[in-house]
Amino acid sequence: FFLKEADLGQNRATGSLPQLSALNPHVLVSAHTGPLNEDLLQKYQVVVLTDSSLDDQKRFGDFCHTRGIKFIVTDTKGLCGQLFCDFGEGFEVLDQDGEMPASLMIDRITKDNPGVVICADDQKHGLFDGSKVIFSEVQGMTELNSIGPVEIKVCGQYSFSICDTSSFSEYERGGVVTEVKQPLVLNFKPLSEAVNDHQLLIMNDYGKIARHNTLHLAFQALHGFVKKEQRLPQSWSQSDADLLLNMVKELNLVAKLEEVDEAALRSFCFTARGDLAPMNAFFGGLAAQEVIKACSGKFTPLQQWLYFDALECLPEDGGCLKESLFSPKGTRYDAQMVVFGSEFQQKLLRQKYFLVGAGAIGCELLKNFALIGLGAGDEGHITVTDMDFIERSNLNRQFLFRSKDIGKPKSEVAAKAVAEMNPQIKITAHQNRLDPDSEGLYDYSFFMGLDGVAAALDNVEARVYLDKRCVQHQKPMLEGGTLGSKGHTLVVVPHLTESYGPAKLSSGNAIPLCTLKNFPHRIEHTLQWARDQFEGLFKQTPENVNLFLR
């Protein structure tokens, strides 16, 4: 997405360099356009290979493993992709999940061998065998306050056993127990060994276990096919698919998979020439997150293979496979038409979409829309709205913005940036909040003119409101959100899937009223107590008066 038509015929690394450097002036980015060799690699802590041959992956993988360089491989072919990590021997993870350490109120502690700690029954402790904890503010059994981290054994959801407490003083009351994060040491296999170890495949969809195992062999077979034929399989060619299938069966004599997903394998072969922006965005994002883990020791890294496919995107009947639909047309969308055909591409160009929000997810979506050609035809159009202005703190993730844009409206700058990526895109930027006040603008005729809506919002109320409008006008909605390193997506299709629906009250963590009134003993309780007081004094009373006056 940083390459323009003016860059055709240029080297990709040198063509992207100025744009990449502009993302963050503190990061030194350089381009290397010669062949890869060991001398170059040994200067780095982390090496990521994309679009590389299996021979190179094994050769450089072994080199990096022996030198203690973290090594990542990622690749996409059409609708399938793979990711591999090797962080060497004895890689230390300092914080396995990045969550705040658990902190619990103590109800009582027994004098016993081993002693048992019973926590207050309003919160499950969530610890597991081998977790370590420290004690503070314990009255009576004060010996616990001064000993270091104690290993625990879980007895139940609210209790766990600790060391021998039979010689300690009697427990009186109070006390807080806090989890101590323990480092974890992991050992990785080099790619040349890991390639034959199916135990290292991390499943991310239990409905696709056979498919992911098959893809592991399919990627290996594809490397063999390219080495032998000096080309990728022709798109939608049955003879190439038969050839690849035989190569997979040969590999399976060693791997001994119970079942090979032949249908998925054929689809993989038919679409291997494809190169799709959303698949690359997904695998690029995952690989970048693994780089952060490799450098920081925070979060648990991938051990060691991950496969993902979106073969559901293909027509179930295989579609009408007219060769002419899939042949290159000399356009920017050729690598996409190889997978979906030219009729589908025309459909994408005609789409009319409404994007609400131009923040982190909004930027990613707009970039993908521009690359796939959504709304880039004569009849197509994208409307984006966001009431926010760009702040410096946005620049670590909202990559369509630069320092010079601080203070400008997000939607306008984002629209301009993607128009540079794909000059054909038709896009209008608004700065409206989406709520009942803007229904005059986003009215019945506006919604009825759309093909779909994408929500890149940062709060539940706005999502619920937009979802209601989409249900009302029977329009599909694509919705996503992130929280730190966690994320979710939801696709809402009228008459087919559940809608986002009204705001669900999370009953799981609701605080009982009697606790608030009589014994608020946790920080959350005191906050909620203060909120209730405040609302009683400053909200409910005036509201009642106003209601009476009206």
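Quick reminder: no glycine exception, Cβ is built from N, Cα and C everywhere.
TrEMBL: automatically predicted annotations, no manual curation.
Annotation source TrEMBL lists active site, glycyl thioester intermediate at CYS514.
Residues annotated as domain 'Ubiquitin-activating enzyme E1 FCCH' in TrEMBL: 112-181. Mapped onto DSSP helix, strand and coil, the domain 'Ubiquitin-activating enzyme E1 FCCH' (112-181) counts 4 helix, 23 strand, 43 coil.
Here TrEMBL flags 182-252 as domain 'Ubiquitin-activating enzyme E1 four-helix bundle'.
Here TrEMBL flags 333-518 as domain 'THIF-type NAD/FAD binding fold'.
Residues or ranges marked as domain 'Ubiquitin-activating enzyme SCCH' in TrEMBL: 520-549. Outside the domain 'Ubiquitin-activating enzyme SCCH' (520-549), and at least 6 residues removed from its termini, the chain residues within Cβ reach (under 8 Å) are 105, 120, 122-123, 511.
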Any same-chain residues 6+ apart from CYS514 (active site, glycyl thioester intermediate) with CB under 8 Å of its CB? Would you list them in sequence order, or say none? none
For the domain 'Ubiquitin-activating enzyme E1 four-helix bundle' (182-252), give the DSSP counts of helix residues, strand residues and coil residues. 46 helix, 5 strand, 20 coil
Segment-level pLDDT (mean, integer) for the domain 'THIF-type NAD/FAD binding fold' (333-518): 90
